[in-house]
């Protein structure tokens, strides 16, 4: 009898605690977490829409696909960002999900909706996941239709798609005849989509503005241009800091592909701009042929990421293929490279071919170095040679400049390069002063250091 009394008492207390939790605590939904076992046996498609706002930045609300009413935090008058992931061969949640949600909410009180289709993307058979992309798009179309019926507008819809998610975003856009506000494709998937007609992949007509980042065109990503503007960091292939051999395991396969996401996330913080240069090829960019962005005045050259839509009015007027833009990055967050033009006017009587290495030193003693190009520069008497220099640190102000000239030859005589004028022009931060040095000699393989001075005539 006593045992029964204690049991009933515990049961009563348990009910009180349960009742108290139901009133004071809300249920937080999380991204589906699967494993390699699920990948092997396969998963049926199930889509979960996880809503985050500034009112619930860490506790996602699970939205009903067929009903956009009755949700505590969904405000259809806000701009809504749909974030859609891609193929998940191991079933684990994307490592970048929490970070991208937080960064969006730091900028503005969006409706941030994570499109969790991990059940459907988790499989060892990539073609099965690819086949589900249309089905996911159909589900998103139903939900957006409900939002529109509650007062949302297509202008306020922004879709960010990663890999297969980029094509899902495109399929949604097609169902609205390209009227949704914006699509950003982050390294759209290449396998099974390369060479397909526009109706079977992401296309620039799928939204009012489509911007695309290509970071693994020789692997898992799509190579050709797809948007109004296509960004190719580091030429769109081997990303700095990523493994170069298969000995690194899975990182070798996914690092380049994922870099597009991390570059985009870096753009949300705006700690520095990832400035890109419209150009026909990566080689043309590397040799400094593509730094004229007068066509975008009063704006500067386009920047990758969230703020790329500032260039929308210029870009959407162009015929397809649209604008391809190239730039280099550093190996680590925030990935920014700071560009300078280095102009040499030489007075050596003989033509010299060689390589230039330049170091910049700040007032506090920090040093950053740039080897200007993989190809030898040609220095002719009284003919200006302009080289594009790239640094992974921002030096302001610059207290000293060091320059080394080399021909790359290990045998034979050592040459001199007689410099009439060297000019350092900031390109990333164009409001900074142009610096010069006049009448000096570079001895091959000898580092020459000097204090720069303001140029006598910046029009030279």
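Even glycines carry a Cβ here, placed using N, Cα and C.
Long-range neighbours of residue 163 (active site, nucleophile) (same chain, six or more residues apart, CB within less than 8 Å of its CB): 85, 86, 87, 186, 187, 188, 189, 220, 221, 257. Taken from Swiss-Prot, the feature active site, nucleophile covers 163.
Taken from Swiss-Prot, the feature active site, charge relay system covers 187 (among others), and the record attributes it to similarity to another entry.
The active site, charge relay system annotation in Swiss-Prot covers 257 (among others) and rests on similarity to another entry. DSSP gives residue 257 (active site, charge relay system) a helix state.
The disulfide bond feature in Swiss-Prot is assigned to 242-255 (among others). Annotation for residue 242 (disulfide bond): spatial neighbours 251, 252, 255, 256, 259, criterion Cβ-Cβ under 8 Å with sequence separation of six or more.
Counting only same-chain residues at least 6 apart in sequence, those with a Cβ under 8 Å from the Cβ of residue 279 (disulfide bond) are 285, 289, 290, 324, 325, 326. In the three-state DSSP reading, residue 279 (disulfide bond) counts as coil. The disulfide bond annotation in Swiss-Prot covers 279-290 (among others).
For residue 293 (disulfide bond), the Cβ neighbour count at a 10 Å cut-off comes to 19, with all displayed protein chains included. Annotation source Swiss-Prot lists disulfide bond at 293-301 (among others), citing similarity to another entry.
As annotated by Swiss-Prot, disulfide bond applies to 436-455 (among others). Its own atom aside, the Cβ of residue 455 (disulfide bond) has 19 Cβ atoms within 10 angstroms in the protein chains shown.
Among the features that Swiss-Prot reports, N-linked glycosylation site is placed at 67 (among others), with the record citing sequence analysis.
The secondary structure of residue 75 (N-linked glycosylation site), as reduced to three states from DSSP, is coil rather than helix or strand. Per Swiss-Prot, N-linked glycosylation site is recorded for 75 (among others).
Marked as N-linked glycosylation site by Swiss-Prot: 177 (among others). Listed in sequence order, there are no same-chain residues at least 6 apart in sequence whose CB falls under 8 Å from the CB of residue 177 (N-linked glycosylation site).
For the recorded site, residue 289 (N-linked glycosylation site), the DSSP three-state label reads coil. What Swiss-Prot records for 289 (among others) is N-linked glycosylation site, and it gives sequence analysis as the kind of evidence.
Annotation comment: Swiss-Prot describes 366 (among others) as N-linked glycosylation site. For residue 366 (N-linked glycosylation site), the same-chain residues that are 6 or more apart in sequence and have a Cβ closer than 8 Å to its Cβ are 393, 395.
According to Swiss-Prot, the signal peptide annotation covers 1-24, on the basis of sequence analysis.
Residue 455 (disulfide bond) and residue 301 (disulfide bond) have their C-alpha atoms 24 Å apart, to the nearest angstrom.
For the disulfide-bonded residues 290, 436, the greatest number of Cβ atoms within 10 Å around a candidate Cβ is found at 290. In the three-state DSSP classification, residue 187 (active site, charge relay system) falls within coil. For residue 255 (disulfide bond), other Cβ atoms within 10 Å of its Cβ number 20. Within its own chain, residue 75 (N-linked glycosylation site) has 53, 111 as residues 6 or more apart in sequence whose C-beta sits under 8 angstroms from its own.
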